Amino acid sequence: MTTVIDGKNVAASVIETVKSATSALESETGVRAGLAVVIVGDDPASHTYVSAKSRMAKECGFLSVQHTLPEETSQEELAALVAELNADPSIHGILVQLPLPKHLRSEPIIQSILPEKDVDGLHVVNAGKLATGDLEGGLVSCTPAGAMVFVRRTYGDDLSGLNAVVIGRSNLFGKPMSALLLAANATVTTAHSRTKDLAAVCRNADILVAAVGRPEMVKADWVKPGAMVVDVGINRVPAPERGEGRTKLVGDVAFDECAKVAGVITPVPGGVGPMTIAMLMANTIIAACRMAGRKPPKF
């Protein structure tokens, strides 16, 4: 029987751990974890995401601060706000919602966030710590961190002897995911658009992670029987069966056919997606614990 992972359930258990660690930190040290979210402009999708993040931060018991800046905010004004948040001892996590309006350069802003407050895990210092296997010192990008919770709950902490294939080499997901699997002792192949005979490479995987943004690219005959398949893709495709002009969300994996072969699989939606915000909260309490000199919780 194939196990279909319920991402909402796993995310809820992560949030429970965050809540108890947050109240323990506050009762033992008087420190309340603080998350600042910065949004520039009025992109509706970004505002939806930010509201969800702020709401979840409050639910976790954090000090939740939202800075909404007008579309015409200058690079200097945004940089000044980040500098202010860097210097604020009540803020342990800083998140700048991307994408920024076209006239702003996101990279200098992201790299100006203190690495220890970079709860999105996008600072080069955090990327470097992950690449060198320093998982105790850095903060890991939220989506790969969330996918890794699924892997650990399936196989445990030590992946010795297991082959993992990550399709996708983006800085946001593919590279950090490969690094996390490697740090857990898996034998890792990072595949991408230039990989020769991708299906054959995938068939060797005990853990197959797809993150390329190509709807239902991974077919059943790419999957080793009994393997774990983690689908990170999120693609909107036409759904004429739902009526004219209707669409639906699908992943990078042809779910129905792959679910017949895989041992464990994540659906889209409802798989990796809910984990992203949960791991943002996890990173915030980890950052707060470290700054207070306490041992952070494990996820």
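Any Cβ shown, glycine's included, is placed from N, Cα and C.
Owing to the predicted nature of the structure, the values given are computational and were not obtained by experimental measurement.
The NADP(+) binding site feature in Swiss-Prot is assigned to G168, R169, S170, S193, I234; the stated evidence is sequence analysis.
Overlay of Swiss-Prot feature records on the structure.
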{"residue": "G168", "record": "NADP(+) binding site", "DSSP (3 states)": "coil"}
{"residue": "S193", "record": "NADP(+) binding site", "DSSP (3 states)": "coil"}
{"residue": "I234", "record": "NADP(+) binding site", "DSSP (3 states)": "coil"}
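With respect to Cβ neighbours within 10 Å, the binding-site residues S170, S193 differ, and S193 shows the lowest count.
When every Cα pair among G168, R169, S170, S193, I234 is compared, the largest distance found for this NADP(+) site is 18 Å. Summarising the environment of I234 (NADP(+) binding site), the number of other Cβ atoms within 10 Å of its Cβ, over all protein chains shown, is 17. Considering other CB atoms within 10 Å as the measure, the emptiest surroundings among the binding-site residues G168, R169 are those of R169.
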